[in-house]
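Peer 1: Structure incoming, see below.
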Amino acid sequence: MRGYEDNTAFLGEWGPFQQTVFFLLCASTIPNGFSAFSIIFLGDSPPHHCFIPDSGNLSEAWRKAIIPIEVVNGQEEESKCSRYRLDVVRNLSALGYIPGLDVNLTGVEQECCVDGWSYSKDIYQSTIVTEFDLVCNDKWKQPFTSSVYFLGVLCGSFFSGQLSDRFGRKPVLFVTMAVQTLFTFVQVFSQSWEMFSVLFFIVGLGQISNYVAAFVLGTEILTATVRVLYVTLGVCLFFAFGYMMLPLLAFFIRDWRSLLLVMSVPGLVYIPLWWFIPESPRWLLSQGRGEEAEAILRDAARRNRVTAPEVIFEESEGEEKPKPEEHHSPLDLLKTSNIRKMTLILALVWFTLSMGYFAISLNTSRLHGDPYVNCFISAAIEVPAYVISWLFLRYLPRRISASASMLLGGGALYFIQLVPPSLPSLSIALEMLGKFGMAIGTALMYAYTGELYPTVIRNTALGSCAMISRVGSILAPYIMTLSTYYKYLPYILLGSLLVLSAMAIPLLPESFGHPLPETIKQMHKQEQTPAVEWPLLKCSITFKVALS
């Protein structure tokens, strides 16, 4: 029985066709990088206090003293949500009393910010917080805005997988890229927080949909070591590049509307890619559209300057042939006990990695120092993480490498509670090390999950796992708020979940050294077939064996 990769071996691994698909699909993920974390700057809350209207009978001394002083975390700072009653202060000022000398300020009645707030413009010209006054009684809207975005990501994860498996990878990729670009642009004209949030939901829906579609499309077109390169150094590094571009753009563009406008421009560049990126031949075959699949492969052979055989796909006796009318749903991921166990373990792992990754990433605004530098460091640390994940995928079994990365992340977060308060830089370093481990684990799990499921339900499986992980990302903005109950509770919680996930991964099948399964029947056979030996233990095994 000849598999898909045996039938298409005549194309080679790295010809002009594969290079075009590789770089164009990777480039399509760059906007996802700065879209996913844009709320760090769009929704940051600058220093603020109650607005004091201009008044000729208010002395300079009383103008400075009208904002009460509060003690927060052992340090004095101006109140953000209250002021001394303006009418009382005006009367005291008119009588010539001096605050702190003639008047004991603790006895002066306070009031809320009835005239609005005054925001510092030292860092930002404007954010949605300053535009819509998301402070004090409306402060809950700050993390909720992020959750709304990830709720859109969750819905996109669910629907895009089914749509992509039914209508094809390519149409879903380009339609959802257009959705992300269009609604990012429309956000510029938001007149209220509610309008911004609804549009942000739709942007999140489009963002994850085109990311998953591009990931699966590249996984199914590319083969062997090039596929490993794509799912790690390719997609993930270009995502990280987009992430690193975000603080650079935000540094020069301090107004939130202008920043959104600039972020929507790259989407227009991708329109011509429709004529260069093909549909997945694997998916076409799974739908019984063999002639279209052969046409794409013959065009690829022409571009690679190789000769295609007269018959590319031969039907083998006893081989399961997917029926074009057969459709699959997320329920197929729970049908048998083996698939059900695998799906539940993957759900735990994806949930944990997503919640931890975004909780740490969105926490950069709370770190000491410049927010742009902090965000850039948080993004840059993903580059070595993805390089290591690429090495792991080429040389190590999936279960060992995934478990080790999550143990690293969980251990680093656990150790934060042992750091003395006099060494805050060490706590930050351990937090970044925890994110480093989770970034490795995330890159590995995208590849690992794609290798475990067959073509007929692969995109549904990836979309469903991504959907479950977004439940974690929806909760992520609130994880760090648990520190109000106990300073280290967020790190203990995330560390425990990471260790639990690391212990569950060895229960999954090993996919290292196996070809991608085309059907559910082949997936069950693969579970009973031992993988090839480790390349590190037997140097004579070639890279082609690693993912042939």
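Every residue gets a Cβ built from N, Cα and C, even glycine.
Okay, these came from TrEMBL:
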DOMAIN    88-513  domain 'Major facilitator superfamily (MFS) profile'
TRANSMEM  20-42  transmembrane segment
TRANSMEM  172-190  transmembrane segment
TRANSMEM  196-217  transmembrane segment
TRANSMEM  229-253  transmembrane segment
TRANSMEM  259-277  transmembrane segment
TRANSMEM  342-360  transmembrane segment
TRANSMEM  372-393  transmembrane segment
TRANSMEM  400-420  transmembrane segment
TRANSMEM  426-448  transmembrane segment
TRANSMEM  488-508  transmembrane segment
Peer 1: Let me spell it out: take the transmembrane segment (342-360), skip the flanking residues so only those 6+ beyond its ends count, and list any with a Cβ under 8 Å from a Cβ in it.
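Peer 2: Same-chain contacts beyond the flanks: 150, 333-334, 378, 402, 406, 409, 413, 431-432, 434-435, 438-439, 441-442, 445, 449, 452, 461, 464-466, 468-473, 475-477, 479-480, 490, 494, 497-498, 500-501, 504-505, 507-509.
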Peer 1: Check for me, if you would, whether the transmembrane segment (488-508) reaches the transmembrane segment (400-420) - at least 3 Cβ pairs under 8 Å, residues 6 or more apart in sequence.
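Peer 2: Between the transmembrane segment (488-508) and the transmembrane segment (400-420), contact is present.
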Peer 1: When each of 172-190, 259-277, 400-420, 426-448 is checked against the transmembrane segment (372-393) for Cβ pairs under 8 Å, which one has the most?
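Peer 2: Stretch with the highest Cβ contact count: 426-448.
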Peer 1: Counting a contact as 3 or more Cβ pairs under 8 Å, with residues at least 6 apart in sequence, do the transmembrane segment (259-277) and the transmembrane segment (400-420) touch?
Peer 2: no
Peer 1: Under a Cβ pair cut-off of under 8 Å, which of the recorded stretches 20-42, 172-190, 229-253, 400-420 contacts the transmembrane segment (426-448) most often?
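Peer 2: Looking at each of 20-42, 172-190, 229-253, 400-420 in turn, the most contacts to the transmembrane segment (426-448) are made by 400-420.
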Peer 1: Out of 20-42, 172-190, 400-420, what stretch is closest in contact terms to the transmembrane segment (229-253), meaning most Cβ pairs under 8 angstroms?
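Peer 2: The listed stretch sharing the most Cβ pairs with the transmembrane segment (229-253) is 20-42.
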Peer 1: Do any residues, 6 or more residues outside the transmembrane segment (20-42), come within under 8 Å Cβ-to-Cβ of it, and if so which ones?
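Peer 2: The answer is 124, 127-128, 145-146, 149, 173, 177, 180-181, 184, 200, 203, 207, 210-211, 214, 217-218, 221-222, 226, 229-230, 234-235, 237-247, 249-250, 256, 259-260, 263, 266-267, 270, 273, 276-278, 303, 361-362, 364-365, 371, 375, 379.
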Peer 1: Mean pLDDT over the domain 'Major facilitator superfamily (MFS) profile' (88-513): what is the value?
Peer 2: 83
